[in-house]
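Read through the structure below, which is laid out as structure tokens, and then see the notes.
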Amino acid sequence: MSIENKNTGVKKVVLAYSGGLDTSAIIPWLKETYDNCEIIAFCADVGQGEEELVGLTEKALASGASECHIVDLKEEFVKDYIYPTMATGAIYEGTYLLGTSMARPIIAKAQVEVARKVGADALCHGCTGKGNDQVRFEGCFAALAPDLKVIAPWREWTMQSREDLLAYLAERNIKTSASATKIYSRDANAFHISHEGGELEDPWNEPSKGVWTLTADPEDAPNQAEYVSLEVEHGRVTKVNGEALTPYAALMKLNAIAAPHGVGRIDITENRLVGMKSRGCYETPGGTVMFAALRAIEELVLDKTSRTWREQVGAQMAHLVYDGRWFTPLCKSLLAASESLAESVNGEVVVKLYKGHAIAVKKRSPNSLYSEAFATFGEDQVYDQKHAEGFIRLYSLASRIRALNAK
């Protein structure tokens, strides 16, 4: 397989490296295409699992990289990306909690930081030319490092399939454990795991049991419900079952508690940023419990107009995160608005976990606007029901005038 040598002056490239077939082939392709440039492999540890990192450095060096930087981003990812996004109430197209989307800006930022550290003049990613991630990564690169060249092999090389990649590596005697048959495309981090491809490409196919890897099948989940307590401060989960935990530890504990109950599974067909639709199955056990708890506290503490505003902020934030616009003035504005609203989002919630469901069944807050004295229908001294008559007349004044004018 012939490779065109571009000899463009690129001397050192930082590659977002996973150790999979694509990025294993990218390393020798870069060296051949860009005049034997130096390749620095970079891997972001965002909680995808230790098994994904074992032997990664050795694999990168064997493929031709001169260095491999594995950067631990787990705590920062949850604290500075997941928690702020969840506080806005962001949920894409009503169902997707943005697990993959939220990870892209922190990975891109860390990749740029490694590039600056090693003096690289180019960045490279292995995203396909059909997906969202190419836009997310390159949008972040544009905001953080507009001076660095971006290389996207899937938009440049002539290889079209896994068979092509395997043949390419075999020609160069580069070993890989990958095979031509890859049923699903998966992406995992501390928050979730996504599944695409294979049988899922036909929306008439029900996902088989083999699709799901993180959560139990709700049909096989325990017949006994489990209750979990979450304490929230300023829109952030700080304690689980009374235990004070860091953001990452809290998420991991909730994942471990909720996954056996089949909590957090969704099967959706979403609108990609690039215009096409795609089907994905997502597992987000701990995040689903957190989301339920935060919304329960908001029901107690946010007045009608504040909650409407929070919903608008969440809708904007969902599209912004999905579309890869984290490092923008709009993102800063939305996060600032959310922080203001979250000042009163404090309290405790008990969530019931049962066969795929996470339901907030108890909630209390020192900032609660709910008052039993005001809300009950019995006789009381704090609310005179006669006051409602004047309010209703003023509230419906425009409708009254419109009707009178129509006569």
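Placed from the backbone N, Cα and C atoms, the Cβ positions cover glycine too.
Quick caveat, the model's predicted, so the values are computed rather than measured.
Going by what Swiss-Prot states, the ATP site holds ALA16, TYR17, SER18, GLY19, GLY20, LEU21, ASP22, THR23, SER24, GLY126, and the candidate of ALA44, ALA103, ALA145 recorded there is ALA44.
DSSP assigns ASN132 (L-citrulline binding site) to coil, not to a helix or a strand. In this structure, the binding-site residues TYR96, TYR282 were compared by how many other Cβ atoms lie within 10 Å of their Cβ, and the smallest count belongs to TYR96. Ranking the binding-site residues SER101, THR128 by the number of CB atoms within 10 A of their own CB puts SER101 at the top. Long-range Cβ proximity for ASP22 (ATP binding site), meaning a same-chain Cβ under 8 A and a gap of 6 or more residues, is found for GLY126, TRP154, LEU165. When other Cβ atoms within 10 Å of the Cβ of SER185 (L-citrulline binding site) are tallied across all protein chains shown, the result is 15. Secondary structure at SER101 (L-citrulline binding site), taken from DSSP and collapsed to helix, strand or coil, is helix.
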